[in-house]
Ligand SMILES: Nc1ncnc2c1ncn2[C@@H]1O[C@H](COP(=O)(O)OP(=O)(O)OP(=O)(O)O)[C@@H](O)[C@H]1O
């Protein structure tokens, strides 16, 4: 060790060091200035939490509008789900989802220790979120009643969410904090639910920011500076008002039933009227001018009149001079889609409605299924009037719409379970009915039943729609072009399903397939330009409106004239309809020829020149259809 080190050690052990320690000990401690760090969650909470909570709004809105856009709402209604239960079920579902979302929101906030959640009284927070969620759902119902397009409503929903948050933070907050802004003005702004939500969150955020760090309790609601009490009152009143208005608008606008805005007053009136006119079959509207109708059609009208007069409810369906006129739009005149239809259908009958495009078939089915109201006239289903008792009719009605109305995300089995439940099937009976139904339309094997309907082919969707229309043993079923888009094998299978189903129920089906009409229908009606042109079973119609044999013969081209001469000798009024390189087709009036004469003529021809092929067929339904449609189109200026 060197000299310098020794000197340093002596200094440390000496009295100087002791004095230094004493001095430090006596020195006053520096004042630790306690800077209160503001709670971050409370600073930014009102804006972010507003966004988080509002995010549920477009979700609920989208779901409601989706059901409307896809006409699933109407489908559910047609299978017996009334407006009241639909609203209650949907409301309860959205409320449950919203409450779970809010409880998770509060739980996560509390677990990570955000003062915003931990300091304020939990019961106040819960009541606040509960009331707001109810108001938000009611508002979603209200907005949904004005939209029918999911994309548009989703876009508007998200714009509302983000716009509301930004406006609240940058504008509404400055009003709250500005003492010169009147309280009334603030209350007025809070009538907009997004601002009342922001105000509530803003108030909850104020307490953790105060230095004493005591959260909001129920007593604080009496504090004049605290806006939470106003928020509670506004939200509760608004919740009920918005819900009521939404229900009224929904009844008038979106149910498709064309109700009057004063429908709730009409309901009381209807009850009074109904009690005066039981049993319900009563003559409605003016008597149609029968003399213009064909005999089969006028016979049907007479039958309907008798049934209505006798108040006879033995028939499953009685249409009494049903008319539908669509109002003119964009300068177009009004459209007379159904110009007076009378029809009586006993149980167990399958009635086929044939007609060219635009004849009015879908309009007729729409009236029968409650999609639109008749302009005049009415129909009775097991004695129940379609104008006033549609909800009762729905409980025993099945419907297969022209376009499949299915939930993309539900499986085939889930669809049938849902609609089966609506038809009051429960437990084992429901399971059995669903399984049988899936098997009957060939959707059971290979796990197809548990695939989402969105992944089904067109034919599978069609078969599911038919299965839905038949589940729960409905007494009356409407099928709008049930086999459209099916391959021949699936179509034949579906026909068997319908044939079995028609045994104990009345079915009305529309179709463009003559083959389908002949296979399935006990009676047919050809409907052209809003009027029934003829009614009868397929054989009768062919006999009545056909009256022709179609004779075809194929020879070499140089013998064509000889064939023509033989045919003219056989039937002087024969009409040649086709000729191409030796093949000729003739229509022979039935009153001029017998089948035996045709055979003789063919034998004669064969003895004179080579005959490659020949054939004679009775008139097909297609021939009848074309003939009737053409005749009706030629004289289509009937009065309504
Ligand atoms: N909502 C409506 N508003 C105005 N006109 C309508 C409306 N719905 C249908 N129409 C018109 O009423 C007529 C009958 O239409 P409808 O759809 O009932 O015929 P359709 O026989 O079912 O035809 P398709 O066989 O093509 O389905 C058509 O001229 C149609 O343009």
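A Cβ is built for glycine as well, from the same backbone N, Cα and C atoms used for every other residue.
When the ranges 174-192, 193-211, 212-230, 231-249 are checked against TrEMBL, the one recorded as transmembrane segment is 231-249. Among the ranges 20-42, 43-65, the one that TrEMBL lists as transmembrane segment is 43-65. From the options 86-114, 260-288, the stretch TrEMBL describes as transmembrane segment is 86-114. Panel annotation: around the transmembrane segment (43-65), residues 90, 94, 97-98, 101-102, 105, 114, 116, 129, 132-133, 136-137, 139-141, 143-144, 147-150, 153-154, 157-158, 160-162, 164-165, 168-169, 173, 194, 197-198, 201-202, 204-205, 209 of the same chain, lying at least six beyond its termini, place a Cβ under 8 Å from a Cβ of the stretch.
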